[in-house]
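Trainee: The structure follows.
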Amino acid sequence: MSETSSSRRSASKDAVKSYFAGKYNKVLDSILEAEAAISKSPTVAEDLSGSSSSGNSEMSHPSLTASSATSQGISKKELLQQIAGSLFSTSIERLKTAHSSEVSSTPEYSVNDSYGEQECRECDGVFKCSAHFEGAPEYYDDETESGPALEPMTSNSEKDPFIDVFLDKLISRLVPEKLPEREHFSSKTTIEHDLDTGRVPVFSATTLGSNFKKLSKKMGSIFELQDSIVRLLTWRNPTGTVTSLILFTLICFNPMYLVILPIFRFVYGIVVPGYVRKHPLQRSIYPLKRNHGSSLLYDVCYEGKNEYSYGQQFFSKSFMDTLESRNQEIDEISELDKRTENTGELKQGMKVLINLRDMQNMTSGTLHVIEAINSFLRKSSSFQNEECSTKRFFTGFLLIVFLKILSPFVNWSYVCSIFAWCLLIYMHPRAHPKIISFFKTGTMGKEYKNLKKREHQALNMIFDEQPETKFIEIFEIYKKALLPNDWKFFRYSNRIFDPQDPYRRAQQFPPGVDSLADVIPPTGWSFDPNFEWKIDNDVDRWVVERGLNLPITGEFLFDPMFKRRRLIHRVIKNATPVA
């Protein structure tokens, strides 16, 4: 009887707990929904105040753009509102998650839930008997790090730190729901369906940081390849450089080797050793074989390497080590693996730092290359130096004609092969200084050439064309104050802001700025420094051109609420910049 009464009491307690937990979750859900509805429906007054404080960054007129410090993005008030809403919703969700984890009485496990739920008399607490692990799959091999077999499953909100969840919430509020997509192989409807169903992930600071962390661990092989290429080009590995030149020559004369060699490497360098490790030969006695050297491919790629990386490759388990593993003592193997002075292994944290440093240097080098290319294209196409740009144009044109005529009569396989050999011979550390000294002229000859060049430049005549100029317009708008003859400055805009203007009919402020110093010329143009803003006194002309029927007084065009006058400025066309 006591057992039945205790079971009834526990059941009633569980029912009461589940009832209040459901009510608690409903209250939290209603608070979240109300907060989301408030954040998504701002009032009209807030929109008008935000637009009046920020304005618009680009005028619709093609001849004028205005810049302002607060011209882009949302206002400060809206930004603070979004931050507060994100912080509030994140706190509520974390509180809800913590409460649900406390209410739940049975924890879930990521591996073999059925074994955890079964009751066994032979089990002693958390220590399970062998019957629970007979049907468990073997997930780990010899190289896998040891760790706990069972890990409680937790939600993403519990695993992610509070600041990560808060940043994701804030980004989801500030960034539009559907960002412009890049080109995809799928159709547009498929992409939209994936976005709606959530298959395509949205922008997340947590995901971005996690991807960079994983990428920093995986970039080691790419930097190893970069080191190998540098060693080959600088002749630090002469055998590998000559072998690479021979392979490049074979590819030049038979491009099919470009497909055959990677397949050969995959089959005999990856698949076959993997099969041997998986299914070793069952032998009790092995004939002794003298090791004549390492693999040619490893010599080509890893010779001349630093101590850390070369030690890893040299002391890694080879083909014969796998075959003889059954006849070796376990103590000897473990002792060999613990010899850190031979393996040269670094800690995982140090590897990540090295990869991050290499990624930083790689991105810096990439930026320098991009800037150099843009600078070359800008100097070549902008015709700032007429002589240099003209020479490059005619040189390129003559090269196109010459190569087009000569290409059918040239064996390009020989040309590419000879060019590669000559280039690497030129880069040899011993041959490079001798070649430079052989082709280098004396100092007297160089000074004579510079003197002739100066005389030639002194005799040159530069015929500069007259720059292209035009006038841009902007309207100085005033708003009527309380007194009849009292007008207050409103803003500078490229729109007249008459009663039929779309912005005025929509009760919105026109795009513009509050100071003439913030007005910038159109792209590719610059203000004439010898010209100032000038008032256009010919009001009738530009009023008739626009078909307006409003009263004119002096240089102003009036309507019941606003008056405006036209200002003009001269601009000069610049050279078209390279994008």
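Backbone N, Cα and C define each Cβ position, glycine as well.
Here's the feature list from Swiss-Prot:
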COMPBIAS  49-63  compositional bias 'Low complexity'
CARBOHYD  ASN361  N-linked glycosylation site
REGION    40-70  region 'Disordered'
TOPO_DOM  1-243  topological domain 'Cytoplasmic'
TOPO_DOM  265-392  topological domain 'Peroxisomal'
TOPO_DOM  414-579  topological domain 'Cytoplasmic'
TRANSMEM  244-264  transmembrane segment
TRANSMEM  393-413  transmembrane segment
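Relative to the rest of the structure, where do these features sit?
Mentor: Counting every protein chain shown, 11 other Cβ atoms lie within 10 Å of the Cβ of ASN361 (N-linked glycosylation site).
For the topological domain 'Peroxisomal' (265-392), the mean pLDDT of the prediction comes to 67.
When Cβ-Cβ distances below 8 Å are used as the criterion, the transmembrane segment (393-413) is approached by residues 252-253 of the same chain, each at least six residues removed from its ends.
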Trainee: For ASN361 (N-linked glycosylation site), what is the secondary structure state per DSSP, taken as helix, strand or coil?
Mentor: helix
